[in-house]
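Novice: As annotated in TrEMBL:
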- 76, 77, 78, 79, 80, 81, 82, 83: ATP binding site (BINDING)
C-alpha cells in the first residue's frame, strides 16, 4: 500500500519542521517577522562580538590540548555538511599516516561528563552524528559539553591519537585550535543577517584564531566569493536497513527493482530537500517527501502505518534497530541511502602538511 500523503508530493507547510519554516521566513520575510527579529539579531551580534573580545584580550581563556586541533564548523545554521566533512577529513588523514580522534558536543550538549562513543552506544545517549562518525571511521570519538575536557579524556584513553578533529566547534572558543575548516552549502550566507533574523551564527568574515583556515563548499559550485574547495557528494545506492547495520554496501542490482515503486522518503537532517533531490538522481521518481526535524527522536515511529517502502539517511538509520522495526512494522521495508562524500586530494594534502610531523605537531601544541 502507498503511504497516506499523496505520492510524489512535497510535505505540506503544516507538517514542515519548525526549523524549515523559519528558513522559509529568512528567504521571504514579512514586515512583522522582520520587525520582531531584527532587534534580536542586533543583540546577538553584540553578544558574539563581546565574547570574542573577551577571549582576544585574555579575560576568557582558550585552552590548548597536547595534540593539534582541527576544528570543522559552519557559519550558517543548519545542515551545511559538517559531519560528512569531518568523516572525509578523518579518512584522508588516516591515509596519510595520521591517527585522528573526534570531539563532539553531542546533540543538545547534555553530557557534562566526557563520554566515549562506542559500537554499543545508542544515538539516544550520545547523539546520532557522533555515533555515525564512530561507525563510519572507527576512530575514537568522545562527546562532552566541554570539548577541552573531552579532548583530555580521549587522549588519556587513546594516547596513540596525534590529531583531534572537533566537529561543529567553530564557535567553541574555549578550545584553542590550530586549523579550521569552514563548511558552506548552496545557501552561502543566506540573507546575510545573523540569527535570528538570518541564518548566520557569525559574520562570514569573522577573524580566525587558527594558524590556517580553509573553506569547503558542499555544493556544485562556490556559493560565496571566498576561495575554497568543492566537495563531491552523491548517494551510492540503497541498502536494506539490516544489511547496512552489518556494514554491507549497496547492491547495484537493487535500484532497478525499486525505481517503479512508490516510496516514502524521510530525512531528519538540516536540509532534507537536498536528500530528496539526490534520491531522484538515482531514478526514484515516485517519492513522497516526509521531512523530520533535525536530530528527531524516533522512539515513536512517525511514518504512516501502511508505508510499504521507506528510504532514510544514514543519520536516521543509526537511530533504528532492525529487530524493533521487524516487530513494530513487519510489512515495512526500510532502505538506507549512504552518502559518498569526497574532498579534493589537494585540500587533504594541505591539511596534512599544515599539521606537520607527528612529533613536531605535538611539540607545537604544548
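Cβ atoms are placed via backbone N, Cα and C, with glycine included.
Where the annotation comes from TrEMBL, it is an automatic prediction and has not been curated.
Set these features in their place in the structure for me.
Specialist: The Cβ of residue 80 (ATP binding site) lies under 8 Å from the Cβ of 74, 183, 184, 185, 187, 218, 270, each of these being in the same chain and 6 or more residues away along the sequence.
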Novice: Is it possible to get the count of other C-beta atoms within 10 angstroms of the C-beta of residue 81 (ATP binding site)?
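Specialist: Around the Cβ of residue 81 (ATP binding site), 25 other Cβ atoms lie within 10 Å.
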